Amino acid sequence: MRILWIVAVCLIGVEGNLFQFAKMINGKLGAFSVWNYISYGCYCGWGGQGTPKDATDRCCFVHDCCYGRVRGCNPKLAIYAYSFKKGNIVCGKNNGCLRDICECDRVAANCFHQNQNTYNKNYKFLSSSRCRQTSEQC
């Protein structure tokens with residue numbers, strides 16, 4: 001019960017893009033799927049280093065690179081327009097950086113969906129000591 005309360009408090013404080021990204025992931029993969037990607041491999045979650053462990057981890061690497069190219073707003077906080085149409089994520093009428101962030105998130109959510117078969121439970125909560133190789137360039 002205490003853990004549920006902590007999770008609820010954390011989610012109440014989540015605004016903007018990261019919450020929208022989570023909703024995209026859940027929309028493509030099913031309710032609560034986002035929890036599978038919060039700390040996975042070397043790149044899913046905060047930060048990232050080393051070589052992606054599999055195609056799922058590479059989705060996060062590419063997403064990190066995409067966020068790194070966004071200029072003009074904070075990708076983790078900005079709120080953009082999007083919707084689901086027939087199971088597809090459609091970015092709305094966003095301008096500039098909001099459009100770019102939405103596209104980063106849309107591509108990553110689709111990538112997770114397309115690479116579900118590579119998901120390896122052994123990479124969930126992977127120790128950072130297993131991600132010490134030289135990081136790839138974006």
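Cβ from N, Cα, C; glycine included.
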Recorded disulfide counterpart of CYS138 (Swiss-Prot; options CYS65, CYS66, CYS73) | CYS65
Swiss-Prot annotation, Ca(2+) site containing TYR43, GLY45, GLY47 - matching residue among ASP54, ASP64 = ASP64
Cysteine of CYS102, CYS104 paired with CYS91 via disulfide, per Swiss-Prot = CYS102
Disulphide bridge to CYS60 as given by Swiss-Prot, partner from CYS44, CYS66, CYS73 = CYS44
What residue among CYS59, CYS97, CYS104 is stated in Swiss-Prot to be the disulfide partner of CYS73?
-> CYS97
Of the candidates CYS42, CYS59, the one Swiss-Prot records in a disulfide with CYS131 is CYS42
If you rank the disulfide-bonded residues CYS44, CYS65, CYS66, CYS104 by how many other Cβ atoms lie within 10 Å of their Cβ, the lowest count goes to CYS65
Listed recorded positions among CYS42, GLY47, CYS60, CYS102, CYS131, CYS138 whose Cα sits within 10 Å of CYS111 (disulfide bond) = CYS60
Pairwise CA distance, TYR43 (Ca(2+) binding site) versus CYS73 (disulfide bond), rounded so that it is a whole Å | 22
